[in-house]
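Per TrEMBL, the feature active site maps to ASP82, ASP294. Marked as domain 'Peptidase A1' by TrEMBL: 64-426. The signal peptide annotation in TrEMBL covers 1-18.
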Amino acid sequence: MPPPLLACLLLLLSPAAARPRSVAAEAPGPAARPRVFPLRARQVPAGALPRPPSKLRFHHNVSLTVSLAVGTPPQNVTMVLDTGSELSWLLCAPGRRANASAPRGASFRAGASRTFAAVPCGSAQCSSRDLPAPPSCDGASRQCRVSLSYADGSTSDGALATDVFGVGDAPPLRFVFGCMSSAYDSSPDGVATAGLLGMNRGTLSFVSQASTRRFSYCISDRDDAGVLLLGHSDLPFLPLNYTPMYQPALPLPYFDRVAYSVQLVGIRVGGKPLPIPASVLAPDHTGAGQTMVDSGTQFTFLLGDAYSALKAEFLKQTKPLLPALDDPNFAFEEAFDTCFRVPAGRPPPSARLPTVSLLFKGAEMSVAGDRLLYKVPGERRGGDGVWCLTFGNADMVPLTAYVIGHHHQMNLWVEYDLERGRVGLAPVKCDVASERLGLML
């Protein structure tokens, strides 16, 4: 099957020429002016993207990317925006000069930056306990080393380092990140991802190092502009409903304490509540079963019992509209097996499909229309194409958590409020939000 296209949202941040400041110096208070940036859509082909061991083992067809200015003089690099990861990392190219054939933004030339520095073994950053794989020490160089896992199961090693990052029109800040040495597929049209921007609640995440206590975004469902906002801002035109972040009182082996976890309390299909026991939707005594909001994952994953209930009811309600694939040996990306046959060249009857609503404590997320089904690239059954429900079975991955992917966050304002420990949700058209925020996109 040919590799599917990767539709990425690009966030363009202008490099700052001011003198770098330490992270500790940038601690915005409640009155600090928020930084608002436009997001735009671009298509690039899928590649083997290194992900932390706790992430899903297969690649995603869609990623959210952000362009940042890193180093002195500043180099523009493109990174995947991931609220499910902690350590930010860049693919570091050897030498001081760029490879003329390499796409712009595909790597960071550490040797060309006057402000680049390796993190020594004895530093506090080298003893971080939040990372999935603890850092190690290189005895010869005395540099702190980190390791990442690839989607195909291989690993990549690199050094923990620091350099300055330009964030909008604010003075550049010094951040800790991973300087990795492995290459991976990139775009033929000059756009490639050079790394990952970790946005979870860990001590080494971009959010924590920037002392940002609130950020939010709106992801467009088309090529219209989306929005990323860093910092505090009152948005009276958004009817935000908040759900509290969930944190167990004691550490549990399978609970990710630095993820954005919320409480899933129910699921409806076409307005009908699914008969799922509350215990199935809550973490168990080991921490397995938490619900995470993750911008680094494309689609949404439900644990086995909840997925089976959703699959049965969705098939029942769509039986008059769409013929089911009925192929027990087929599962897109090994996890999506609620699939249908749709005549080639025709879209499915999206407007008539039943809405799937995820119910949280104090808020809900409704998935409807075009966001419900995904056309599997290159998959045909006679004269029909194959379309699959955009909810996957986490047990088939395998995964021990519910994960809310960014595909189901489209045309939804999502706010992460670390100060009050809550996540806000509000349905909105991203172009309308952009206009209300005063952006000319």
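The backbone N, Cα and C atoms fix where each Cβ goes, glycine too.
Keep in mind the model is a prediction, meaning the values are calculated, not measured.
The local packing around ASP294 (active site), expressed as other Cβ atoms within 10 Å of its Cβ over all shown chains, amounts to 25.
DSSP assigns ASP82 (active site) to a strand in the three-state reduction.
The predicted model assigns the domain 'Peptidase A1' (64-426) a mean pLDDT of 88.
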